[in-house]
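Worksheet for the structure shown next.
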Amino acid sequence: MKGLVKKISAPGLWMENLPIPSHVKDDEVLIKTIKTSICGTDVHIYKWDAWAQKNVPVPLVIGHEFIGEIAEFGKNVKGFKIGERVCGEGHIVCNQCPNCRMGRKHVCMHTKGLGYHISGCFAEYFVLPAENVFSLPPSISDDLGAIFDPYGNAVHTTLAFNLIGEDVLITGAGPIGIMAAAIAKQAGARHIVITDVNDYRLDLARTMGVSHAINVNRESLDNFMQSLGIKYGFTVGLEMSGHPDGLKTLTEKIRHGGNIALLGILPPATSIDWNLVIFKMLTLKGIYGREIFSTWYQMVHLLEIGLNLAPIITHHFSVDNFEKGFEVMLSGQSGKVILDWV
């Protein structure tokens, strides 16, 4: 079978001919891949930057965003059938730590990541624990199923705090930030403002129905707030950029007693004015992945009541042309990029 492998400790990926997994354990499922989506994490691995060099074993099949169908399952697996369309949770948990035993698996203390700690989904077939598999209703397209992982990040972050009638500032108009803006609108926020320095991404946000998309290199956020009647500051902030300036902006523009959820991965030495956090009594909440599986059901329900994410998928490539997919991702001129496996 075909598989995209980080073969050696160097930039790039390699298309390899791999054996189809032949031993499916009693509690596992063998999945035939239909589509995968390229994540920013995959780009880090492709570039082989400092984060990837530190965290990713070599050689490794990468990838964690997928839709596929069940090809085989172990004898203990119940509730699935051959040919069923599925996606899945890419965080493999231990089921033994205190958080897992209390039902809080999204904060497992020993989480392993599909495609960057253990063998991933960028292959024609791959194995996943049955407890991580999520069946998709027919109403959800293959394309949307392939991006359920990042969509779940957006849902988890956006709904971390009450949004009904609130004013929301999102720093970072990458695909997850843009999806977060659409989710916030669906969830009843009053004003939603998203900031970035990439005009392509801001235009994509507008295509997704975000009316307040600001290039902070050219436009004044203060003036924009004034035009919207936001006198005391935003009540909720979502940090999606992973850039120190994004966090700085949020601590300055969120009103006293406001809430900030952080998904973007900031540099380790990022500084913050803790006096603003303390004296404004701000609440900061880190977000990693999705709540297992409550976020997943929210994802389905939001789509069923009209959330439209289709425009966030901007490019499709055959997996044989995966290099072009990564080039588009590296250009910054894309939303989500899909690789077709069948």
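Any Cβ shown, glycine's included, is placed from N, Cα and C.
Lifted from Swiss-Prot, the feature list:
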- CYS39, HIS64, GLU65: Zn(2+) 1 binding site (BINDING)
- THR41: active site, charge relay system (ACT_SITE)
- HIS44: active site, charge relay system (ACT_SITE)
- CYS94, CYS97, CYS100, CYS108: Zn(2+) 2 binding site (BINDING)
- ILE176, ASP196, ARG201, LEU263, GLY264, ILE265, ILE287, TYR288: NAD(+) binding site (BINDING)
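In three-state terms derived from DSSP, HIS44 (active site, charge relay system) belongs to a helical segment. In this structure, HIS64 (Zn(2+) 1 binding site) belongs to neither helix nor strand by DSSP; it is coil. Between the listed binding-site residues, namely GLU65, CYS108, the fewest other CB atoms within 10 angstroms of a CB are found at CYS108. Recorded residues TYR288 (NAD(+) binding site) and HIS64 (Zn(2+) 1 binding site) have their alpha carbons 14 Å apart, per Cα-Cα distance. Long-range Cβ proximity for ILE176 (NAD(+) binding site), meaning a same-chain Cβ under 8 A and a gap of 6 or more residues, is found for PRO150, ASN153, ALA154, THR157, MET240, LEU263.
Around GLY264 (NAD(+) binding site), taking its Cβ as the centre, 21 other Cβ atoms fall within 10 Å, counting all chains. Cβ neighbour count for CYS97 (Zn(2+) 2 binding site): 16 (other Cβ atoms within 10 Å of its Cβ, all protein chains included).
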